[in-house]
Amino acid sequence: MVTTMDPSRISRIVAVVFVLVIQVVSGNFVFNVTHKFAGKEKQLSELKSHDSFRHARMLANIDLPLGGDSRADSIGLYFTKIKLGSPPKEYYVQVDTGSDILWVNCAPCPKCPVKTDLGIPLSLYDSKTSSTSKNVGCEDDFCSFIMQSETCGAKKPCSYHVVYGDGSTSDGDFIKDNITLEQVTGNLRTAPLAQEVVFGCGKNQSGQLGQTDSAVDGIMGFGQSNTSIISQLAAGGSTKRIFSHCLDNMNGGGIFAVGEVESPVVKTTPIVPNQVHYNVILKGMDVDGDPIDLPPSLASTNGDGGTIIDSGTTLAYLPQNLYNSLIEKITAKQQVKLHMVQETFACFSFTSNTDKAFPVVNLHFEDSLKLSVYPHDYLFSLREDMYCFGWQSGGMTTQDGADVILLGDLVLSNKLVVYDLENEVIGWADHNCSSSIKVKDGSGAAYQLGAENLISAASSVMNGTLVTLLSILIWVFHSFTS
């Protein structure tokens with residue numbers, strides 16, 4: 001029997017601080033990246049709302065033919081501070097694997113947000129104040145790649161118009177200017193180094209884009225399109241189009257790397273070609289070896305339906321029938337009385353070790369790649385004696401009615417996930433994300449790269465919420481071969 005409980009707040013939020021180190025032609029660079037929900041006590045409804053807004057964006061009709069798009073108030077889980085222009089000025093942008101451009105709010109913009117609940121200052125980029133700013137015209141190669149419209153003619157600016165699922169819009173022009181990265185010059189020492197990139201300059205935002213609860217200045221996309229930051233760096237010979245992440249939801253810490261990973265070795269599965277997102281083919285699913293029947297459309301190889309890997313989504317979403325079968329098989333192996341919290345989260349009381357009591361869920365992908373999701377991955381503690389399932393009934397379908405699975409940060413944690421756009425594959429391996437990985441630079445030299453708690457003694461209790469400051473190293477490698 002299912003009963004309803006009053007909404008409860010999650011008692012523990014982990015504040016994650018990322019440090020991004022990039023090695024380009026002449027050295028390494030550093031960014032500080034912060035979790036969107038850092039230091040804030042969030043209701044379950046806020047986590048679900050984050051994903052709901054993101055899903056609307058992912059399934060929306062988009063006027064701009066890019067391999068993805070951006071939404072400043074809900075798109076990603078992490079944001080970073082970058083510098084644009086000359087002299088360089090600071091802007092806070094969200095880091096997202098589901099977006100394909102870097103864009104920031106630009107002056108003048110009467111409807112852009114002027115404040116945010118994230119505790120960061122918001123700024124408008126102004127091309128008039130940068131000595132290195134250049135307009136991007138319709139005749140520019142960058143524009144000809146993304147714009148296939150007769151209205152974009154000679155001597156006209158390369159503009160964009162994005163429409164989101166909730167009716168929000170973003171309009172603006174593309175600009176070419178310097179992004180300033182902090183070059184690592186020694187142990188804990190950096191010096192600025194600028195590199196020219198093309199990014200969107202948003203001047204007219206409407207709808208939810210003006211909301212202030214979690215607004216930032218823009219988006220930095222790590223998607224597959226040639227317009228993404230990683231693709232622009234690769235086109236200039238600075239990096240290979242390979243990146244990976246390893247996020248630890250148990251002990252804290254983790255790694256985000258751009259470049260080749262030598263160890264641990266990961267098995268891979270093909271990325272479905274010509275898709276906006278990181279689509280892969282799910283072939284089977286089981287609970288401790290007990291198979292679950294999959295909807296036929298999930299095995300499609302043409303990109304209709306299937307499974308999307310998206311680290312910017314918080315939870316994991318399944319078609320209704322598949323969700324019901326999964327929860328039924330899990331609770332058959334460990335009987336619990338489910339209660340619905342905030343109408344969508346299946347929760348239960350439990351005082352024993354969940355990893356010993358609950359089964360492992362295995363997802364099997366093309367080319368025999370397995371994703372094992374352990375109880376500590378798919379269950380989260382609402383309070384000391386209450387757990388909730390991170391699996392959600394998504395009801396997500398394509399416009400053609402094909403079922404969609406969306407695997408978010410919850411099931412990708414505690415794994416090294418590698419996105420190899422050079423070979424159009426994605427893969428993963430179970431890994432202790434608080435330890436290290438071995439990465440390879442363009443010369444073939446291998447280096448140990450690990451996550452460490454730079455502020456290990458910074459845990460504190462704020463309004464009953466335990467806030468743990470963590471650090472994550474992120475490395476991007478020079479891809480030249482000798």
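Our numbering is plain: 1 for the first residue shown, then up by one each step along the chain.
Every residue, even glycine, has its Cβ placed from backbone N, Cα and C.
Reviewing CYS388, CYS433, the cysteine that Swiss-Prot connects to CYS347 via a disulfide bond turns out to be CYS388. A 10 Å radius around the C-alpha of ASP96 (active site) takes in these recorded positions out of ASN178, ASN204, ASN226, ASP310, CYS347, in sequence order: ASP310. Mapped onto three states, the DSSP output places CYS347 (disulfide bond) in strand.
For the glycosylation sites shown (ASN178, ASN432), fewest C-beta neighbours within 10 angstroms: ASN432.
If you take the Cα of ASN226 (N-linked glycosylation site) and the Cα of ASN204 (N-linked glycosylation site), they are about 25 angstrom apart, rounded to a whole number. When the recorded positions CYS347, CYS388, ASN432 are ranked by how far their Cα is from the Cα of ASN178 (N-linked glycosylation site), ASN432 comes first.
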